[in-house]
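So the structure is just underneath, and the comments pick up after that.
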Amino acid sequence: MSIPVVWTIAGSDSGGGAGIQADLHTFRSLNVHGCSVISTITAQNSVATTGLFPLAADAVRQQLECLQQDMPPAAIKIGLLSNVQQLQCVADFLKQWSDPLPQPFVVWDPVVVSTQQDRLSELKPQHCAELFPLVDIMTPNLDELSWLSGLEVTDEDSMYRAAEQLFQAGLSRILVTGTDFGRADEISDYYLSSDGHTQYIQQKLRTKHSHGTGCTLSSAIAAALAHDYPLEDAITVANAYVHQGLIEAKGIGRGPGPVAHTHWPQQIDHFPKINTPELPCVDLQFPSLDQEPGLYPVVDSYEWIEKLLKLGIKTLQLRIKDPDAPQLETAIKKSIQLAEKYSAQLFINDHWQLAIKHNAYGVHLGQEDLTEANLHAIQQAGLRLGISTHSYTELLIAQAYKPSYIALGHIFPTQTKTMPSKPQGLQRLRRYAALLAPKNIPTVAIGGISLERVAPVTATGVNGIAVVSAITAARNVEQAVHQLLTEMEAELEVKEKNEVAHAE
Ligand SMILES: Cc1ncc(COP(=O)(O)OP(=O)(O)O)c(N)n1
Ligand SMILES: Cc1nc(C(=O)O)sc1CCOP(=O)(O)O
Ligand SMILES: [Mg+2]
(Lines of atoms letter the chains of each structure in order from A and count residues from 1; the text may use other names and numbers.)
(Lines give C-alpha, C1' and ligand atoms only; values in the text may rest on other atoms or scores of the structure.)
(Ligands and ions follow the chains in the order given, each with its own letter.)
Protein backbone atom coordinates (compact mmCIF):
# COMPACT_ATOMS: atom_id res chain seq x y z
CA MET A 1 0.00 0.00 0.00
CA SER A 2 1.42 3.44 -0.89
CA ILE A 3 2.08 5.89 1.91
CA PRO A 4 0.05 9.15 1.69
CA VAL A 5 1.97 12.38 1.14
CA VAL A 6 1.28 15.39 3.37
CA TRP A 7 2.88 18.83 3.03
CA THR A 8 3.54 21.33 5.74
CA ILE A 9 3.92 25.01 4.82
CA ALA A 10 5.38 26.49 8.00
CA GLY A 11 8.32 28.08 9.79
CA SER A 12 11.45 26.26 10.94
CA ASP A 13 11.89 26.14 14.73
CA SER A 14 15.61 25.76 15.40
CA GLY A 15 14.73 24.35 18.84
CA GLY A 16 12.95 21.43 17.17
CA GLY A 17 9.76 21.68 19.24
CA ALA A 18 7.30 23.42 16.95
CA GLY A 19 6.85 24.45 13.30
CA ILE A 20 8.19 22.32 10.47
CA GLN A 21 10.10 20.09 12.90
CA ALA A 22 7.00 19.22 14.99
CA ASP A 23 4.99 18.67 11.81
CA LEU A 24 7.51 16.23 10.32
CA HIS A 25 7.78 14.29 13.60
CA THR A 26 3.98 14.04 13.66
CA PHE A 27 3.79 12.89 10.05
CA ARG A 28 6.35 10.16 10.65
CA SER A 29 4.61 8.96 13.83
CA LEU A 30 1.27 8.78 12.00
CA ASN A 31 2.64 6.92 8.97
CA VAL A 32 2.47 9.56 6.25
CA HIS A 33 5.32 10.93 4.16
CA GLY A 34 5.96 14.55 5.09
CA CYS A 35 7.19 17.22 2.65
CA SER A 36 8.13 20.70 3.88
CA VAL A 37 7.73 24.17 2.42
CA ILE A 38 9.61 26.53 4.71
CA SER A 39 8.10 30.00 5.03
CA THR A 40 10.43 31.46 7.64
CA ILE A 41 13.57 30.51 9.51
CA THR A 42 13.31 31.29 13.19
CA ALA A 43 16.18 31.40 15.66
CA GLN A 44 14.35 29.90 18.60
CA ASN A 45 14.96 27.83 21.69
CA SER A 46 12.69 26.78 24.56
CA VAL A 47 12.93 30.23 26.17
CA ALA A 48 12.77 32.82 23.39
CA THR A 49 12.74 33.60 19.69
CA THR A 50 15.76 35.75 18.90
CA GLY A 51 15.53 35.99 15.11
CA LEU A 52 12.96 35.79 12.33
CA PHE A 53 14.02 35.42 8.70
CA PRO A 54 11.01 35.21 6.39
CA LEU A 55 11.78 33.74 2.99
CA ALA A 56 10.79 35.70 -0.12
CA ALA A 57 7.41 34.74 -1.56
CA ASP A 58 9.29 33.44 -4.63
CA ALA A 59 11.16 30.93 -2.51
CA VAL A 60 7.88 29.70 -1.04
CA ARG A 61 6.32 29.46 -4.54
CA GLN A 62 9.24 27.46 -5.92
CA GLN A 63 9.05 24.93 -3.13
CA LEU A 64 5.30 24.52 -3.70
CA GLU A 65 5.61 24.17 -7.48
CA CYS A 66 8.52 21.76 -7.24
CA LEU A 67 6.62 19.47 -4.86
CA GLN A 68 3.43 19.64 -6.89
CA GLN A 69 5.22 18.31 -10.00
CA ASP A 70 6.32 15.13 -8.29
CA MET A 71 4.79 14.60 -4.85
CA PRO A 72 1.18 15.81 -4.83
CA PRO A 73 -0.32 15.77 -1.35
CA ALA A 74 -3.45 14.16 0.06
CA ALA A 75 -3.47 16.95 2.66
CA ILE A 76 -1.67 20.22 3.39
CA LYS A 77 -1.08 21.78 6.77
CA ILE A 78 -0.40 25.50 6.80
CA GLY A 79 1.33 27.01 9.81
CA LEU A 80 3.31 30.24 10.11
CA LEU A 81 2.89 32.70 7.24
CA SER A 82 5.01 35.70 8.11
CA ASN A 83 3.59 38.39 5.89
CA VAL A 84 0.96 39.26 3.34
CA GLN A 85 3.22 38.35 0.40
CA GLN A 86 3.63 34.79 1.69
CA LEU A 87 -0.09 34.49 2.39
CA GLN A 88 -0.96 35.77 -1.09
CA CYS A 89 1.50 33.35 -2.65
CA VAL A 90 -0.08 30.36 -0.85
CA ALA A 91 -3.61 31.59 -1.67
CA ASP A 92 -2.75 32.00 -5.39
CA PHE A 93 -1.17 28.57 -5.46
CA LEU A 94 -4.24 26.91 -3.90
CA LYS A 95 -6.62 28.82 -6.20
CA GLN A 96 -4.79 27.52 -9.26
CA TRP A 97 -4.59 23.91 -8.09
CA SER A 98 -3.99 21.83 -11.22
CA ASP A 99 -7.25 20.19 -12.12
CA PRO A 100 -6.19 16.60 -12.81
CA LEU A 101 -4.71 16.34 -9.32
CA PRO A 102 -7.23 15.57 -6.59
CA GLN A 103 -7.87 18.60 -4.38
CA PRO A 104 -5.99 18.12 -1.09
CA PHE A 105 -7.55 18.80 2.33
CA VAL A 106 -6.15 22.03 3.74
CA VAL A 107 -5.73 22.59 7.48
CA TRP A 108 -4.62 26.05 8.63
CA ASP A 109 -3.18 26.67 12.06
CA PRO A 110 -3.00 30.50 12.13
CA VAL A 111 0.24 30.93 14.09
CA VAL A 112 0.81 34.53 15.20
CA VAL A 113 2.51 34.27 18.58
CA SER A 114 4.89 31.54 19.90
CA THR A 115 4.49 29.54 23.15
CA GLN A 116 7.06 31.95 24.63
CA GLN A 117 4.72 34.86 23.69
CA ASP A 118 7.02 36.18 20.94
CA ARG A 119 5.22 37.68 17.93
CA LEU A 120 6.10 35.64 14.85
CA SER A 121 4.06 37.16 12.04
CA GLU A 122 3.41 40.59 10.54
CA LEU A 123 0.01 39.49 9.25
CA LYS A 124 -3.06 41.54 10.14
CA PRO A 125 -6.47 39.88 10.63
CA GLN A 126 -7.83 41.53 7.49
CA HIS A 127 -5.18 39.78 5.35
CA CYS A 128 -6.34 36.35 6.45
CA ALA A 129 -9.79 36.34 4.79
CA GLU A 130 -8.10 35.71 1.43
CA LEU A 131 -7.26 32.18 2.57
CA PHE A 132 -10.57 31.44 4.33
CA PRO A 133 -12.46 29.95 1.37
CA LEU A 134 -9.43 27.85 0.41
CA VAL A 135 -9.02 25.93 3.66
CA ASP A 136 -11.14 23.03 4.91
CA ILE A 137 -10.57 23.73 8.57
CA MET A 138 -8.78 26.33 10.66
CA THR A 139 -7.44 25.52 14.15
CA PRO A 140 -7.05 28.75 16.18
CA ASN A 141 -6.61 28.85 19.93
CA LEU A 142 -8.72 31.40 21.84
CA ASP A 143 -6.18 34.22 21.46
CA GLU A 144 -5.96 33.61 17.73
CA LEU A 145 -9.76 33.46 17.43
CA SER A 146 -10.01 36.81 19.26
CA TRP A 147 -7.31 38.32 17.08
CA LEU A 148 -8.92 37.07 13.85
CA SER A 149 -12.45 38.16 14.74
CA GLY A 150 -11.62 41.32 16.66
CA LEU A 151 -13.94 40.12 19.45
CA GLU A 152 -13.10 39.36 23.03
CA VAL A 153 -13.70 35.63 23.63
CA THR A 154 -14.31 34.71 27.25
CA ASP A 155 -17.02 32.03 27.17
CA GLU A 156 -18.87 29.64 24.85
CA ASP A 157 -21.30 32.31 23.64
CA SER A 158 -18.60 34.77 22.66
CA MET A 159 -16.69 31.90 21.01
CA TYR A 160 -19.74 31.08 18.84
CA ARG A 161 -20.13 34.77 17.95
CA ALA A 162 -16.47 35.09 16.98
CA ALA A 163 -16.66 31.90 14.90
CA GLU A 164 -19.82 33.14 13.20
CA GLN A 165 -17.93 36.25 12.12
CA LEU A 166 -15.26 34.10 10.45
CA PHE A 167 -17.94 31.96 8.78
CA GLN A 168 -19.43 35.17 7.34
CA ALA A 169 -15.97 36.00 5.99
CA GLY A 170 -15.79 32.69 4.07
CA LEU A 171 -14.37 30.10 6.48
CA SER A 172 -16.35 26.84 6.63
CA ARG A 173 -15.08 24.95 9.69
CA ILE A 174 -13.18 25.87 12.83
CA LEU A 175 -11.58 23.86 15.60
CA VAL A 176 -11.08 26.18 18.57
CA THR A 177 -8.32 24.57 20.60
CA GLY A 178 -7.28 24.45 24.25
CA THR A 179 -10.20 26.21 25.96
CA ASP A 180 -11.13 25.82 29.62
CA PHE A 181 -13.51 28.77 30.19
CA GLY A 182 -12.62 28.74 33.88
CA ARG A 183 -13.01 24.96 34.41
CA ALA A 184 -10.26 23.75 36.71
CA ASP A 185 -9.85 20.15 35.52
CA GLU A 186 -10.97 20.00 31.91
CA ILE A 187 -9.68 21.36 28.65
CA SER A 188 -11.72 21.26 25.42
CA ASP A 189 -11.40 21.67 21.70
CA TYR A 190 -14.62 22.82 19.97
CA TYR A 191 -15.35 21.83 16.38
CA LEU A 192 -17.76 24.36 14.87
CA SER A 193 -19.38 24.23 11.44
CA SER A 194 -22.72 24.97 9.81
CA ASP A 195 -23.75 21.38 10.75
CA GLY A 196 -23.44 22.07 14.48
CA HIS A 197 -20.73 21.68 17.05
CA THR A 198 -18.81 18.97 18.88
CA GLN A 199 -16.79 19.33 22.06
CA TYR A 200 -13.69 17.15 22.60
CA ILE A 201 -12.96 17.07 26.33
CA GLN A 202 -9.75 15.97 28.07
CA GLN A 203 -8.58 16.04 31.67
CA LYS A 204 -6.07 18.87 32.13
CA LEU A 205 -2.50 17.62 32.47
CA ARG A 206 -0.12 19.31 34.87
CA THR A 207 2.80 19.80 32.50
CA LYS A 208 4.57 22.90 31.30
CA HIS A 209 6.07 20.96 28.40
CA SER A 210 3.55 21.88 25.73
CA HIS A 211 5.71 23.59 23.12
CA GLY A 212 4.39 22.79 19.64
CA THR A 213 0.93 21.46 20.60
CA GLY A 214 -0.90 23.65 18.04
CA CYS A 215 1.46 22.63 15.22
CA THR A 216 1.24 18.98 16.27
CA LEU A 217 -2.56 18.98 16.48
CA SER A 218 -3.03 20.55 13.05
CA SER A 219 -0.47 18.32 11.35
CA ALA A 220 -2.00 15.24 13.03
CA ILE A 221 -5.39 16.27 11.62
CA ALA A 222 -3.82 16.56 8.15
CA ALA A 223 -2.16 13.14 8.54
CA ALA A 224 -5.39 11.41 9.60
CA LEU A 225 -7.28 13.11 6.75
CA ALA A 226 -4.64 11.81 4.35
CA HIS A 227 -5.40 8.31 5.65
CA ASP A 228 -8.99 8.99 4.56
CA TYR A 229 -10.50 9.29 8.04
CA PRO A 230 -13.56 11.55 8.09
CA LEU A 231 -12.87 15.03 9.51
CA GLU A 232 -14.47 14.37 12.94
CA ASP A 233 -12.28 11.28 13.29
CA ALA A 234 -9.16 13.13 12.14
CA ILE A 235 -9.83 15.62 14.95
CA THR A 236 -10.47 12.80 17.45
CA VAL A 237 -7.24 10.97 16.55
CA ALA A 238 -5.23 14.22 16.56
CA ASN A 239 -6.62 15.19 19.95
CA ALA A 240 -5.58 11.78 21.37
CA TYR A 241 -2.15 12.04 19.71
CA VAL A 242 -1.51 15.39 21.38
CA HIS A 243 -2.83 14.18 24.75
CA GLN A 244 -0.50 11.16 24.77
CA GLY A 245 2.32 13.45 23.60
CA LEU A 246 1.71 15.74 26.58
CA ILE A 247 1.74 12.76 28.97
CA GLU A 248 5.11 11.67 27.54
CA ALA A 249 6.57 15.18 27.16
CA LYS A 250 9.98 15.78 28.77
CA GLY A 251 11.75 19.06 29.43
CA ILE A 252 14.43 19.84 26.87
CA GLY A 253 15.97 23.27 27.42
CA ARG A 254 15.12 25.63 30.27
CA GLY A 255 11.64 26.61 29.08
CA PRO A 256 8.58 24.62 28.02
CA GLY A 257 9.78 21.37 26.44
CA PRO A 258 8.29 19.93 23.27
CA VAL A 259 5.23 17.72 23.15
CA ALA A 260 6.45 14.13 22.60
CA HIS A 261 5.97 12.35 19.28
CA THR A 262 4.97 8.76 19.80
CA HIS A 263 2.71 6.63 17.59
CA TRP A 264 -0.87 6.16 16.42
CA PRO A 265 -2.97 6.53 19.60
CA GLN A 266 -4.01 3.14 20.93
CA GLN A 267 -5.09 3.67 24.51
CA ILE A 268 -8.71 4.56 25.09
CA ASP A 269 -7.79 6.73 28.12
CA HIS A 270 -5.86 9.01 25.76
CA PHE A 271 -8.95 9.69 23.64
CA PRO A 272 -11.29 12.59 24.43
CA LYS A 273 -14.77 12.47 25.87
CA ILE A 274 -17.09 13.68 23.12
CA ASN A 275 -20.08 15.90 23.76
CA THR A 276 -22.63 16.98 21.14
CA PRO A 277 -25.94 18.80 21.72
CA GLU A 278 -27.76 15.75 20.26
CA LEU A 279 -25.85 13.18 22.32
CA PRO A 280 -24.74 14.80 25.56
CA CYS A 281 -22.62 12.81 28.02
CA VAL A 282 -24.97 11.00 30.46
CA ASP A 283 -24.37 8.45 33.18
CA LEU A 284 -25.86 5.10 32.13
CA GLN A 285 -24.94 1.43 32.30
CA PHE A 286 -26.58 -1.56 30.62
CA PRO A 287 -26.45 -5.24 31.67
CA SER A 288 -23.73 -7.48 30.25
CA LEU A 289 -24.44 -10.21 27.72
CA ASP A 290 -24.77 -13.74 29.15
CA GLN A 291 -22.56 -15.15 26.42
CA GLU A 292 -20.20 -13.88 23.71
CA PRO A 293 -22.20 -12.74 20.68
CA GLY A 294 -20.35 -15.10 18.28
CA LEU A 295 -22.24 -15.56 15.00
CA TYR A 296 -25.01 -12.95 15.11
CA PRO A 297 -27.63 -13.16 12.29
CA VAL A 298 -29.79 -10.08 11.66
CA VAL A 299 -33.14 -11.02 10.05
CA ASP A 300 -36.49 -9.44 9.26
CA SER A 301 -39.26 -11.87 10.30
CA TYR A 302 -40.50 -14.19 13.01
CA GLU A 303 -40.11 -17.09 10.55
CA TRP A 304 -36.37 -16.39 10.22
CA ILE A 305 -35.99 -16.13 13.99
CA GLU A 306 -37.69 -19.51 14.43
CA LYS A 307 -35.53 -21.16 11.76
CA LEU A 308 -32.28 -19.84 13.26
CA LEU A 309 -33.16 -20.71 16.83
CA LYS A 310 -33.83 -24.26 15.69
CA LEU A 311 -30.36 -24.30 14.08
CA GLY A 312 -28.78 -23.46 17.44
CA ILE A 313 -28.08 -19.73 16.98
CA LYS A 314 -27.73 -18.05 20.39
CA THR A 315 -27.48 -14.34 19.52
CA LEU A 316 -29.72 -12.81 16.86
CA GLN A 317 -31.63 -9.69 15.90
CA LEU A 318 -35.12 -8.98 14.59
CA ARG A 319 -34.74 -5.99 12.22
CA ILE A 320 -38.07 -4.93 10.68
CA LYS A 321 -37.45 -1.54 9.09
CA ASP A 322 -41.03 -0.74 8.03
CA PRO A 323 -42.77 0.89 11.02
CA ASP A 324 -46.13 0.11 9.38
CA ALA A 325 -45.34 -3.55 8.72
CA PRO A 326 -48.48 -5.63 9.32
CA GLN A 327 -48.27 -7.72 12.48
CA LEU A 328 -45.15 -5.81 13.62
CA GLU A 329 -46.00 -6.12 17.30
CA THR A 330 -47.05 -9.76 16.94
CA ALA A 331 -43.78 -10.64 15.20
CA ILE A 332 -41.78 -8.91 17.94
CA LYS A 333 -43.78 -10.51 20.78
CA LYS A 334 -43.64 -14.05 19.32
CA SER A 335 -39.92 -13.73 18.55
CA ILE A 336 -39.17 -12.59 22.11
CA GLN A 337 -41.17 -15.47 23.61
CA LEU A 338 -39.54 -18.09 21.38
CA ALA A 339 -36.01 -16.76 21.94
CA GLU A 340 -36.59 -16.97 25.69
CA LYS A 341 -37.51 -20.66 25.36
CA TYR A 342 -34.21 -21.27 23.58
CA SER A 343 -32.28 -19.15 26.13
CA ALA A 344 -31.11 -17.03 23.20
CA GLN A 345 -30.04 -13.36 23.21
CA LEU A 346 -32.59 -11.70 20.91
CA PHE A 347 -32.13 -7.99 20.14
CA ILE A 348 -34.99 -5.92 18.71
CA ASN A 349 -33.79 -3.33 16.21
CA ASP A 350 -35.22 0.22 16.48
CA HIS A 351 -38.60 -0.61 18.16
CA TRP A 352 -37.46 0.03 21.71
CA GLN A 353 -40.97 0.75 23.14
CA LEU A 354 -42.26 -2.64 21.92
CA ALA A 355 -39.06 -4.29 23.15
CA ILE A 356 -39.68 -2.86 26.64
CA LYS A 357 -43.40 -3.72 26.51
CA HIS A 358 -42.68 -7.39 25.72
CA ASN A 359 -39.60 -7.65 27.91
CA ALA A 360 -37.04 -8.39 25.21
CA TYR A 361 -33.51 -9.53 25.98
CA GLY A 362 -32.14 -6.40 24.33
CA VAL A 363 -32.50 -3.50 21.92
CA HIS A 364 -30.18 -2.49 19.08
CA LEU A 365 -29.96 1.21 18.21
CA GLY A 366 -28.00 3.30 15.70
CA GLN A 367 -26.53 6.69 16.58
CA GLU A 368 -29.51 8.54 15.08
CA ASP A 369 -31.87 6.25 17.04
CA LEU A 370 -30.00 7.15 20.25
CA THR A 371 -31.10 10.77 19.96
CA GLU A 372 -34.77 9.75 19.86
CA ALA A 373 -34.90 6.76 22.20
CA ASN A 374 -35.47 6.98 25.94
CA LEU A 375 -32.26 5.33 27.13
CA HIS A 376 -33.19 5.75 30.80
CA ALA A 377 -36.42 3.78 30.17
CA ILE A 378 -34.47 1.00 28.40
CA GLN A 379 -32.00 0.88 31.28
CA GLN A 380 -34.75 0.88 33.92
CA ALA A 381 -36.55 -1.97 32.18
CA GLY A 382 -33.30 -4.00 32.49
CA LEU A 383 -32.86 -4.53 28.75
CA ARG A 384 -29.44 -4.93 27.17
CA LEU A 385 -28.40 -2.31 24.62
CA GLY A 386 -26.30 -2.72 21.47
CA ILE A 387 -25.16 0.43 19.63
CA SER A 388 -24.00 0.83 16.00
CA THR A 389 -20.85 2.81 15.25
CA HIS A 390 -19.09 3.79 12.04
CA SER A 391 -16.04 5.75 13.20
CA TYR A 392 -13.73 6.50 16.16
CA THR A 393 -16.00 9.40 17.08
CA GLU A 394 -19.19 7.32 17.14
CA LEU A 395 -17.35 4.57 19.02
CA LEU A 396 -16.25 7.01 21.75
CA ILE A 397 -19.78 8.40 22.04
CA ALA A 398 -21.23 4.87 22.22
CA GLN A 399 -18.80 3.51 24.83
CA ALA A 400 -19.67 6.38 27.18
CA TYR A 401 -23.19 4.90 27.47
CA LYS A 402 -21.66 1.62 28.76
CA PRO A 403 -23.71 -0.53 26.38
CA SER A 404 -23.92 -4.34 26.35
CA TYR A 405 -22.04 -4.46 23.04
CA ILE A 406 -20.81 -2.12 20.30
CA ALA A 407 -21.28 -2.88 16.61
CA LEU A 408 -18.51 -1.76 14.24
CA GLY A 409 -19.58 -1.21 10.66
CA HIS A 410 -19.63 -1.36 7.84
CA ILE A 411 -16.40 -3.26 7.37
CA PHE A 412 -16.82 -4.21 3.69
CA PRO A 413 -19.15 -2.89 0.98
CA THR A 414 -22.68 -4.15 1.58
CA GLN A 415 -25.68 -4.52 -0.73
CA THR A 416 -28.11 -4.84 2.16
CA LYS A 417 -28.22 -1.23 3.28
CA THR A 418 -27.31 2.13 1.74
CA MET A 419 -24.53 3.47 3.91
CA PRO A 420 -23.61 7.18 4.18
CA SER A 421 -20.05 6.33 5.30
CA LYS A 422 -17.23 4.43 3.55
CA PRO A 423 -16.36 0.78 4.30
CA GLN A 424 -13.83 0.75 7.12
CA GLY A 425 -11.72 -2.30 6.34
CA LEU A 426 -9.78 -4.66 8.57
CA GLN A 427 -7.07 -2.29 9.85
CA ARG A 428 -9.60 0.09 11.41
CA LEU A 429 -11.59 -2.84 12.77
CA ARG A 430 -8.42 -4.17 14.45
CA ARG A 431 -7.74 -0.72 15.94
CA TYR A 432 -11.28 -0.36 17.29
CA ALA A 433 -11.35 -3.88 18.78
CA ALA A 434 -8.01 -3.27 20.55
CA LEU A 435 -9.14 0.17 21.77
CA LEU A 436 -12.31 -1.25 23.36
CA ALA A 437 -10.76 -4.43 24.80
CA PRO A 438 -9.80 -2.85 28.18
CA LYS A 439 -13.38 -1.56 28.60
CA ASN A 440 -14.78 -5.11 28.53
CA ILE A 441 -17.49 -4.06 26.08
CA PRO A 442 -17.96 -6.84 23.51
CA THR A 443 -17.56 -5.83 19.87
CA VAL A 444 -19.48 -7.06 16.83
CA ALA A 445 -18.33 -6.52 13.23
CA ILE A 446 -21.00 -5.98 10.56
CA GLY A 447 -21.23 -5.18 6.86
CA GLY A 448 -20.39 -7.31 3.83
CA ILE A 449 -19.07 -10.24 5.87
CA SER A 450 -19.15 -13.37 3.73
CA LEU A 451 -17.85 -16.85 4.58
CA GLU A 452 -14.36 -16.08 3.15
CA ARG A 453 -14.12 -12.96 5.31
CA VAL A 454 -15.02 -14.65 8.60
CA ALA A 455 -11.43 -15.76 9.36
CA PRO A 456 -9.73 -12.36 8.86
CA VAL A 457 -12.56 -10.58 10.70
CA THR A 458 -12.37 -13.00 13.65
CA ALA A 459 -8.58 -12.52 13.74
CA THR A 460 -9.04 -8.80 14.47
CA GLY A 461 -10.22 -9.68 17.99
CA VAL A 462 -13.94 -8.83 17.70
CA ASN A 463 -16.32 -10.87 19.86
CA GLY A 464 -19.02 -11.36 17.27
CA ILE A 465 -19.85 -11.22 13.57
CA ALA A 466 -23.24 -9.89 12.47
CA VAL A 467 -24.47 -10.99 9.05
CA VAL A 468 -27.56 -10.49 6.95
CA SER A 469 -27.07 -11.72 3.38
CA ALA A 470 -24.48 -14.41 4.25
CA ILE A 471 -27.47 -16.21 5.75
CA THR A 472 -30.62 -14.80 4.18
CA ALA A 473 -29.31 -15.07 0.60
CA ALA A 474 -27.80 -18.54 1.10
CA ARG A 475 -29.24 -21.32 -1.04
CA ASN A 476 -28.89 -23.75 1.85
CA VAL A 477 -29.36 -21.89 5.15
CA GLU A 478 -28.49 -24.82 7.38
CA GLN A 479 -25.23 -25.38 5.52
CA ALA A 480 -24.41 -21.62 5.55
CA VAL A 481 -24.91 -21.41 9.33
CA HIS A 482 -22.81 -24.52 9.87
CA GLN A 483 -19.97 -23.23 7.66
CA LEU A 484 -19.95 -19.77 9.25
CA LEU A 485 -19.85 -21.27 12.76
CA THR A 486 -17.11 -23.75 11.83
CA GLU A 487 -14.99 -21.02 10.23
CA MET A 488 -15.31 -18.78 13.29
CA GLU A 489 -14.44 -21.59 15.69
CA ALA A 490 -11.42 -22.64 13.60
CA GLU A 491 -10.05 -19.10 13.54
CA LEU A 492 -10.63 -18.67 17.28
CA GLU A 493 -8.60 -21.85 17.90
CA VAL A 494 -5.74 -20.52 15.75
CA LYS A 495 -5.89 -17.23 17.61
CA GLU A 496 -5.82 -18.93 21.02
CA LYS A 497 -2.83 -21.10 20.01
CA ASN A 498 -0.97 -18.01 18.77
CA GLU A 499 -1.70 -16.18 22.02
CA VAL A 500 -0.44 -19.11 24.12
CA ALA A 501 2.71 -19.38 21.97
CA HIS A 502 3.24 -15.64 22.29
CA ALA A 503 2.85 -15.75 26.09
CA GLU A 504 5.42 -18.59 26.45
C1 LIG B 1 -25.38 -5.74 14.96
C2 LIG B 1 -25.87 -4.57 14.22
N3 LIG B 1 -25.04 -3.60 13.89
C4 LIG B 1 -25.46 -2.51 13.22
C5 LIG B 1 -26.78 -2.39 12.87
C6 LIG B 1 -27.29 -1.15 12.20
O7 LIG B 1 -28.14 -0.45 13.08
P8 LIG B 1 -28.65 1.02 12.71
O9 LIG B 1 -27.43 1.86 12.52
O10 LIG B 1 -29.63 1.41 13.70
O11 LIG B 1 -29.33 0.81 11.32
P12 LIG B 1 -30.63 -0.05 11.01
O13 LIG B 1 -30.29 -1.49 11.23
O14 LIG B 1 -31.70 0.41 11.93
O15 LIG B 1 -30.88 0.23 9.58
C16 LIG B 1 -27.63 -3.43 13.22
N17 LIG B 1 -28.93 -3.39 12.93
N18 LIG B 1 -27.17 -4.50 13.90
C1 LIG C 1 -27.94 -3.47 8.79
C2 LIG C 1 -26.56 -3.05 8.61
N3 LIG C 1 -25.97 -2.14 9.42
C4 LIG C 1 -24.72 -1.88 9.07
C5 LIG C 1 -23.84 -0.93 9.74
O6 LIG C 1 -22.69 -0.79 9.37
O7 LIG C 1 -24.34 -0.31 10.67
S8 LIG C 1 -24.22 -2.77 7.73
C9 LIG C 1 -25.71 -3.51 7.64
C10 LIG C 1 -26.04 -4.51 6.60
C11 LIG C 1 -25.28 -5.80 6.77
O12 LIG C 1 -25.72 -6.69 5.83
P13 LIG C 1 -24.77 -7.71 5.08
O14 LIG C 1 -24.27 -8.68 6.08
O15 LIG C 1 -25.69 -8.38 4.07
O16 LIG C 1 -23.71 -6.93 4.39
MG1 LIG D 1 -31.70 1.61 13.75
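Cβ atoms are placed via backbone N, Cα and C, with glycine included.
Of the residues K402, K417, K422, TrEMBL places K417 in the same 4-amino-2-methyl-5-(diphosphooxymethyl)pyrimidine site as Q317, L318, R319, I320, K321, N349, S388. Annotation: R319 carries the greatest number of neighbouring Cβ atoms among the binding-site residues R319, K321, K417 [cut-off 10 Å, Cβ to Cβ]. DSSP assigns K321 (4-amino-2-methyl-5-(diphosphooxymethyl)pyrimidine binding site) to coil, not to a helix or a strand. Working note on the binding-site residues Q317, N349, S388: by count of other C-beta atoms within 10 Å of each C-beta, Q317 ranks first. Counting other Cβ atoms within 10 Å of each Cβ, the binding-site residues L318, I320 show the lowest value at I320. Long-range C-beta contacts of D369 (Mg(2+) binding site), restricted to its own chain and to partners at least six residues apart, with a cutoff below 8 Å, comprise D350, W352.
For the domain 'Pyridoxamine kinase/Phosphomethylpyrimidine kinase' (13-259), the model's pLDDT averages out at 94.
Among the binding-site residues R319, D350, D369, the residues whose Cβ lies under 6 Å from any atom of ligand 3 are, in sequence order, D350, D369.
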